[in-house]
Amino acid sequence: SPRLLPCLHSLCAPCLRRLGPLGEAGPAAARSVLCPLCDAEVELPPGGLAQLTPDYLALGPGGGKAAAGCDLCADGAAAGRCRTCGADLCLFCCQAHRRQKKTASHAVTELENTKDSSQARKPLFCPSHPTEELRLFCEQCDQPVCRDCVVDGHRHHPCDFTSNVIHRHGDALRELLNCTQQHVGALEGVLSRIDDMGSAVRSRAEAVATEICLFTSGYMKAIEEHRDLLLKQLEDLKMQKENLLRLQKAQLQQLLLDMRTGVEFTERLLTSGSDLEILITKGVVASRLAKLNSVAYNTHPSVDDRIQFSPRERAGQCCGYEVFGAILNKVIDPTRCTLHGEDLHSARQNQLTGFTLLCNDTMGERMGRGGEAVQVTITHKDKRDCAVKPTVCDNGDGTYHISYSPEEPGLYAVCVCVKGQHVQGSPFALMVKNKFREHRGVFHCCTFCSSGGQKAARCACGGTMPGGYQGCGHGHKGHPGCPHWSCCGQVKESSECLGGPPSDPSQRSLLRTVAV
């Protein structure tokens, strides 16, 4: 009684009963078991092992089952099957079956020469109605049913013969199979590249080891000890990279093995399974293939072969001697380099300002040394011919100070690149403001007149009346404008007001006082 686990591995009933639950005891632990073939944790149906999908392929031809005997004489091996009776017959009984009057019209198919082996298999009967054969498929419940099931529990459900729905459901499985096969090819390519990268890492490590030996060959005991230390560091670095590659390779090999298992089982199901067997098994197969197809994996090796030796790098003291030469495995990563500064996004016209670039390696750690190619461009967004020439200062510790002095106000685009790639936050917008704020309001003292001389009244540009100026004395409200009051704080005596000059001499005297 083989059953199919969600990972598409088939286990017989005794093996299934020996599987213990995972985790601590409880209702949740009894719902999952560990597959003994692929070590995958699989969830069981609510009904337990008994509700697992039967593996009819394991019972069919080539599925590992012993050769069936004759159902009539029980002496010879089955050579054919009566498609009318559903009985396996030996060669002698096949001939007798055709000669007998009652069974002469029955269709007997030879097992060995049957091209479609699914047509020669015994019919499958309904577990709820053991005398009824499963010939129909319920679309709503997504399961094969018999005639009694249609009348009983599936009365109003859309049902059709299995031969009519097998094409649609088989095509859906084939689409999933094609997608899984593509992943199999991609995984094989990734594993091949991982093997190549492992060879490259070892080759590069050997080359660096030779370079280190040549560099230290001229020194005495202190230099020889320094050489041994460098080789040990190199070996540790090589082992670290190889361990990461081996870990990635093992994970991808397991994923590839799972996908191959799914592909092989699905291909065998689609080519050797009957229509009813495909419909019975398609749910668990489609679920497994969809789960495998959703697994994300890196298509590139997790490490690279960048291992460098710097003979000019100071390595400190060794046996009282200053030695040189160090292994450099830090490689700058532009995407991890950051920009810092209070005025990063704003500046003033004709004022020197700047910001700092902090360079980090691929692990996000500070580089600690300079010498990188840093390019900075600052371009006006509205005036393409207007650009600011920045100055880049290498501090020698992995930081770079960029200073500039914009001559034109407006919006600029700033690009900061290291080795031709944008750093984190680049490009970004820079707003350059005027050195002195330009007055854009209306000379509008009548705003204050219209408000009745309130101190809180505001001009069109947002300015307020200093000292509580109480109006110009025109005796009316709301005329368009007056040059007596400018919002930038300038007051002029003039008769150009559209409402006319002040009529009261005391108001004119007050106006002169405010001007002073």
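For all residues, glycine too, the Cβ spot is worked out from N, Cα and C.
Heads up, TrEMBL stuff is auto-annotated, nobody curated it.
Record features, source TrEMBL:
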DOMAIN    65-111  domain 'B box-type'
DOMAIN    121-157  domain 'B box-type'
COILED    220-254  coiled coil
REPEAT    329-432  repeat 'Filamin'
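Taken through DSSP, the repeat 'Filamin' (329-432) splits into 3 helix, 51 strand, 50 coil. Tertiary proximity for the coiled coil (220-254) is limited to same-chain residues at least six positions away from its ends with a CB under 8 Å from its CB atoms, namely 38, 187, 190-191, 194-195, 197-198, 201-202, 205, 208-209, 212-213, 297-298, 301-303, 305, 307, 309, 315, 318-321, 323, 325-327, 329. The list of residues near the domain 'B box-type' (121-157) in space but at least 6 beyond its ends in sequence, with Cβ under 8 angstroms from a Cβ of it, reads 56, 60, 81, 86, 88, 165, 274, 276-277, 279-280, 283. Note: the domain 'B box-type' (121-157) comprises 5 helix, 8 strand, 24 coil (DSSP; helix = H, G, I, strand = E, B). In the domain 'B box-type' (65-111), helix, strand and coil residues by DSSP number 9 helix, 10 strand, 28 coil.
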